[in-house]
Every structure is written in structure tokens, then in C-alpha cells.
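Copied over from Swiss-Prot, here are the features:
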type	residues	note
BINDING	GLY172, ASP173, ARG174, LYS175, THR176, GLY177, LYS178, THR179	ATP binding site
SITE	SER373	site 'Required for activity'
REGION	526-548	region 'Disordered'
Amino acid sequence: MAELIISASDIEGAIEDYVSSFTADSEREEIGTVIDAGDGIAHVEGLPSVMTQELLEFPGGVLGVALNLDEHSVGAVILGEFEKIEEGQQVKRTGEVLSVPVGDAFLGRVINPLGQPIDGQGDIESDTRRALELQAPSVVQRQGVSEPLQTGIKAIDSQTPIGRGQRQLIIGDRKTGKTAVAVDTILNQRKAWETGDPKQQVRCVYVAIGQKGTTIASVKRALEEGGAMEYTTIVAAPASDAAGFKWLAPYTGSAIGQHWMYDGKHVLIVFDDLSKQADAYRAISLLLRRPPGREAFPGDVFYLHSRLLERCAKLSDELGGGSMTGLPIIETKANDISAFIPTNVISITDGQCFLESDLFNQGVRPAINVGVSVSRVGGAAQIKAMKEVAGSLRLELSQYRELESFAAFASDLDAASKAQLDRGARLVELLKQPQYTPYSVEDQVVAIFLGTKGHLDSVPVEDVSRFEQEVLEHVKASHDDILQEIRETKKLSESTEEKLTNVINDFKKGFSASDGSSVVVNEADAEAMDEADVEKESVKVRKPAPKK
């Protein structure tokens, strides 16, 4: 039997080798404790190294976001069910900031602000994530707005046009058709999507903030019936969700849209509506005991919206030339656009479409008030054909509104004023448009041409809509080359204008008004007043004599 010899030096060497190669499996981890919780807010102590906007993990997998970094505690917003969070529970740091998965797999889906599907159609696979808080493109990374984004709504595309990369505010009282304008704009992108051309296709993101569940469901149904869900993502934070979800939802939609924008694609994002996001952020800030300011909003509520809307841009060609167009919606009270949040967002955006409840109740839908609505940069993106036919439209409607109020107190009006009133009434009727019926740009040009060139002056007001529809059907059926030229060249040449005028005059001969009368003007019986004189006529207001 061999003798076992133990060498002290061998044992010492083996121990030294093991110690030098040993790595501990344990990790240093900060664990905090909930000191109080309620109303979707939790205060946590024991996390001295936590970052602002860092994700925290509560028991049960519930997540929270660290917002307030106080000396001895952290104020966190709970994302999800907060009823089970109690005092004394442990909280862990994740070391991550808020991010969401992004990609084409989200098209046609409904998700919550954390990027999780809520439509019952299974999980969404995505390898790419994008942080919610990212810096907006800098000045050198942008280029000017030059491409039109057609809404399909005559009143908007003719007077307050929108360009790709623009922020156009839709503002008005509740129940004035704000969501309808946004949904119609999404529906109008279907033809561009069907072309398969990435330069024409527009991916859409609809962010529902604080809306009723039935409203979100009806929007989804309308998009499905219009064939628009295949290029649309819905981010839903309904009224039943916690304030944290309503606060984050716009940033989630923006992150999804930015992913496509930086990939050289075009995006349209609708925020419906930012008033409710501001209300949710106010509730969070007050619960975190931040100092309140005007209307009890926190001091950084302007930054809340500015850093969101500044992400909408038209990127430079070096970055791919992608764009993200924003349609933020703001709800006013009693048509007061001078309140805190409306004035903030008006100053951030590139224009606004003001929807008025009085016009809506009069049956003017979309109920856009031309006098207050404006597009500051979209004019550069408007096609030449629309510029030509709609050049005088805004002025004529403004003069009509002025004359209309004046005529209510005046019994006698001169011929020019009567002609302006008659023309204005027909233009208002022409711009009316049913919901879910977007117009192609060439159809809009022909329709506006009817009004501004005087072809509707002999048509009774009640027959304007029928006359417009029948003219468009006639042109499509027998003179489609006119529409094709407008669609391809984006211009209305003199020869095309002359041809269109002849087509309309010939059509009038076979059109009968609802009372059976003809709409063909007999030139011999017409009043000796040309169109230029009618346009030049204006209302003169007598000023009071100066005080002595």
C-alpha cells in the first residue's frame, strides 16, 4: 500500500490558486421600503442612488417611476394596480429608464402605455426598444416643411393646410367634432398606403388619453371599417386607468412614431387629448406635493407639452428625410382659448384649427372658424392647384361672416353686399362634409373651383351639395383626364381650367334645382356687375367723431 504524503506547501499553493480565481456570486442591491402609499403615489425610503425617471419594481411585478428625489425619500408614480401596495413593502431598483418596444409589428394593434397589447390578439414580438424620454431633433437635424399631408377635409386642406413634420392643433369645446377630424385624416392616408411607395405611405399612431372605453372602441371600429387599422397603432390610456398611464401615453406613442421617423418613413400622430394629460400630470404633481402655480398646474407643465411636440419634425436628408406630423387636440370650456393649457399649446404648435360649438349647432360640420384658425408653415406645402383655386376663399368667407352680422341689423343692402352674402352662403355649404368621407386632393380642387370661380352663384343653397357631388361624378366618369392631370402635375393649367369651366357649364344645362328651375344663367338678364367688383366690395363702418 502506497504511503500518503501530505505536503504543506502543496496545500498552501492550491489555496492561493483558488482564492486568486474566486469570484463572488453575490451582488450589491439597493432595497427600499414603502413608507406611505395611496392614489397611485408611493413614497419610498432607502434608495439613495436612484435616478430620476428610473423604473422601480414593487411587489407583484408592479412598476413605478421615480419622479421626486427628496433628501430622505423618493416619490414614485405607480404604473398599474396600486391598491395592493402597502406600507412596509420592499421596493427594488431596476437601473433602467422607461422604454417601450417599437417596430412594424405594432401596426394594427392596440397597446397600453407600457407597450403591452390589450386587444386580445396575442403578444407582440419586437427586438428593438426606445426610451420614452429622448431629446427632440436639433435645428441642424431638421429641414423646412415642404411636403403636404392631405387630411381629405376641404375646409382644412384649402385654408389651413398641413405639411409633413408640422404640429397642427385641433382645439374646441367638447362635442364639436375634434376626434372626427383626426380620424378622417387617418382614413385619408389609405390610398397613399395602398401605393406601396415608402415616400407616400404614412404610418399613423392614435393616442387616446382619458377617453371613454366606448369612444376608443368606436374609433377602432371606424378605422377597421375604413381599412386604416393595417397602418395604424392605437395607444390607449382610458379614463379608468391610473393618472400615471395618462401622463405617459403620449410619450409612448411618440417613441413608436420616432422609430419610424428615424428610419426614413412618414408618421402621423394624434394626441386625443392633451388637456387630459395635463390634468393627470397636475394630479400627480399635487399628490407629490410639488408647488402649484396657475390653475393649480405645476411650474413645468409647459415643458410637459413642449418636449413632446418638439419631437414632431421633418428630418434632414442626411438622416433619411423621415417626418412625424403631430395633431394634438385640446378641449376648451365655453370656447375660451385664452386659458392656461390652450395658450401654452397654441404657442408651441405651428397653427390651429378652431372648432366652434355655435357653428357645429348650426349644422356647419366640420365646424371650423376660419377667422381664428391658421396654419403658419403649411402654406409652403400646399400644392399649386389648390393655392390657385383657394386663394380668395379665406377672404370671401371672412367678409361673408362680417356682412352676415351686419345684415342682421340692416334691411336694405346694395347689390354687391347681396352678391357677397349669396356667394358666402354657398361657400359655407360647399365646405360642409359628412364624417368618414375624405376627399382626394383632385376632387377638392374641383369642388373649391366651383365655389371661388362663381359656378355655384346660380345654384340654390339647398342644392349646392347635390350639385357638387353630381359634378364630381360627371367629371370622374367622362373627363377623368382633368383629375389625372391635377393629381400628377399638382397644377391647374390655363387649358385645364378652361376645359373644366366648359365641362361645368355643359353640365349645368342638364341640372335641375330641387324646385325644378334651371341653374343656367341668362347673360342678358344678369346684373351688370362683374366678379371683380363683387370681390372688391367691403363693409364700411362709420367711426364716431373725435371728442372735443
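Including glycine, each Cβ sits where the backbone N, Cα and C put it.
Annotation note: THR179 (ATP binding site) sits in a helical segment as assigned by DSSP. All chains included, 12 other C-beta atoms sit within 10 angstroms of the C-beta of LYS175 (ATP binding site). Taking all protein chains in view, 22 other C-beta atoms sit within 10 angstroms of the C-beta of SER373 (site 'Required for activity'). When Cβ neighbours within 10 Å are tallied across all protein chains shown, the highest count among the binding-site residues ARG174, LYS178 belongs to LYS178. Non-local contacts of THR179 (ATP binding site) by the CB criterion (under 8 A, 6+ apart in sequence, same chain) comprise THR215, VAL219, ASP272, ILE329. Taking only the Cα positions, the spacing between LYS175 (ATP binding site) and SER373 (site 'Required for activity') is 18 angstrom. Other than GLY172, ASP173, ARG174, LYS175, THR176, GLY177, LYS178, THR179, the residues of this chain whose Cβ falls within 8 Å of the Cβ centroid of the ATP site are, in sequence order, GLU331, LEU355, SER357, PHE360. DSSP assigns SER373 (site 'Required for activity') to coil, not to a helix or a strand. Here GLY177 (ATP binding site) comes close to LEU355, PHE360, ARG365, PRO366, ALA367, GLN435: these same-chain residues lie at least six apart in sequence, with C-beta atoms under 8 angstroms from its C-beta. Non-local neighbourhood of THR176 (ATP binding site): LEU355, GLU356, SER357, PHE360, ALA367, each in the same chain, at least six residues away, with C-beta under 8 Å from its C-beta. Same-chain residues at least 6 positions away in sequence with a Cβ under 8 Å from that of ASP173 (ATP binding site) are, in sequence order, GLU331, THR332, LYS333, ALA334, ASN335, LEU355, GLU356, SER357. A straight line from the CA of GLY172 (ATP binding site) to the CA of SER373 (site 'Required for activity') spans 11 Å. In three-state terms derived from DSSP, GLY172 (ATP binding site) belongs to an extended strand segment.
For the pair formed by LYS178 (ATP binding site) and SER373 (site 'Required for activity'), distance between Cα atoms is given as 14 Å, rounded to the nearest Å.
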